[in-house]
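Working notes, beginning with the structure itself.
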Amino acid sequence: MNSPLVVGFLACFTLIAAIGAQNAFVLRQGIQREHVLPVVALCTVSDIVLIAAGIAGFGALIGAHPRALNVVKFGGAAFLIGYGLLAARRAWRPVALIPSGATPVRLAEVLVTCAAFTFLNPHVYLDTVVLLGALANEHSDQRWLFGLGAVTASAVWFATLGFGAGRLRGLFTNPGSWRILDGLIAVMMVALGISLTVT
């Protein structure tokens, strides 16, 4: 359980599974069975780039300023707990996700929209670059093993979400499904945030 690979997988999975604009878009594409592979690939490759940037950048920062780790660690813990509380609020008041119309959309339009959901969301930089970078660098020489775990979680999540959505078409239009998923996310995020403050 203390393996950087496992910790990286769990940390990334906990963050990435929060239902936001990007995941809702991937889910809709999966439910509609439209351009699923390119969307999953774009999301995964984007995370690989962002995770690597976070690990590389924070490695240099912490090498020059070791005390910065404490600031990032407690800031990250507060962010995780806050995000967990937001997930708990969504679980309290879930909303069904209804697939939109049946008119096919061109691949280029879908990819541009997916890129916008990915890179125009400020949380992607906080989650993927800042927070995962800081968590990875707690493992010093094994930070890239943490990164490998995080990248694996990203690939598993987006592939499962995109390709699994078509099979769960009826389930994810039900608000109760969001309640369960967001409830689990809330528990995992708050637990990870608390663990950061005590390590």
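Glycine too: its Cβ is placed from the backbone N, Cα and C atoms.
If you look up Swiss-Prot, you'll see 6-26 (among others) marked as transmembrane segment, on the strength of sequence analysis. If one looks beyond the transmembrane segment (6-26) by at least 6 residues along the same chain, the residues whose Cβ comes under 8 Å of a Cβ in the stretch are 39-40, 43, 47, 51, 83, 87, 90, 97, 113-114, 117-118, 121, 123-124, 127-128, 131-132, 135-136, 139, 145-154, 156-158, 161-162, 165, 178, 181-182, 185, 188-189, 192.
Residues annotated as transmembrane segment in Swiss-Prot: 42-62 (among others).
Under the heading transmembrane segment, Swiss-Prot lists 68-88 (among others), citing sequence analysis as support.
Same-chain residues lying 6+ beyond the ends of the transmembrane segment (144-164) with a Cβ under 8 Å from its Cβ atoms: 3-13, 16-17, 23, 26-27, 29-30, 36-37, 39-40, 43-44, 47-48, 51-52, 55, 132, 135-136. Positions annotated as transmembrane segment by Swiss-Prot: 144-164 (among others).
Cβ atoms under 8 Å from those of the transmembrane segment (178-198) belong to residues 10-11, 14-15, 17-19, 73-74, 76-81, 83-85, 87-88, 90-92, 94-97, 135, 172 of the same chain, restricted to positions at least 6 beyond its ends. Annotation source Swiss-Prot lists transmembrane segment at 178-198 (among others), citing sequence analysis.
The list of residues near the transmembrane segment (68-88) in space but at least 6 beyond its ends in sequence, with Cβ under 8 angstroms from a Cβ of it, reads 15, 18-19, 58, 61-62, 126, 130-131, 134-135, 137-138, 182-183, 185-190, 192-194, 196-197.
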